[in-house]
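Grabbed the feature section from Swiss-Prot, which reads as follows:
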DISULFID  Cys41-Cys106  disulfide bond
DOMAIN    18-117  domain 'Ig-like'
REGION    20-41  region 'Framework-1'
REGION    107-117  region 'Complementarity-determining-3'
SIGNAL    1-17  signal peptide
Amino acid sequence: MAWTVLLLGLLSHCTGSVTSYVLTQPPSVSVAPGQTARITCGGNNIGSKSVHWYQQKPGQAPVLVVYDDSDRPSGIPERFSGSNSGNTATLTISRVEAGDEADYYCQVWDSSSDHPT
């Protein structure tokens, strides 16, 4: 029987201490096992900012899977990769596995204001 892995993104409204910055993610991304999932994070000129991605499974704390746009922490599989350009940052998960089912959050670090959103 075929099954589908559901990768959920959330609509994020992030507020800094001085200005507001809105990040938009799709409500959900659904792919078949073995295929490639791409989860986007949209924001005005997001390519000029540093983007981090977190994976959160039910009942667990978030886990950092990509930082500074495209770097992976130790222990995160190479199947997880990131890119960031223009108004869109993207988390790509290659060869999706059942264990990848989770919520995925993007976080932006604006170096000009020196605090996260």
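Each residue, glycine too, has its Cβ placed from N, Cα and C.
Can you walk me through where each of these features ends up in the structure?
The number of other CB atoms found within 10 A of the CB of Cys41 (disulfide bond), across every protein chain shown, is 26.
Mean pLDDT for the domain 'Ig-like' (18-117) in the predicted structure: 93.
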Could you say whether, by DSSP, Cys41 (disulfide bond) belongs to a helix, a strand or a coil region?
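Reduced to three states, the DSSP call for Cys41 (disulfide bond) is strand.
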Ten-angstrom check, please: count other Cβ atoms within 10 Å of the Cβ of Cys106 (disulfide bond), all chains counted.
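Other Cβ atoms found within 10 Å: 27.
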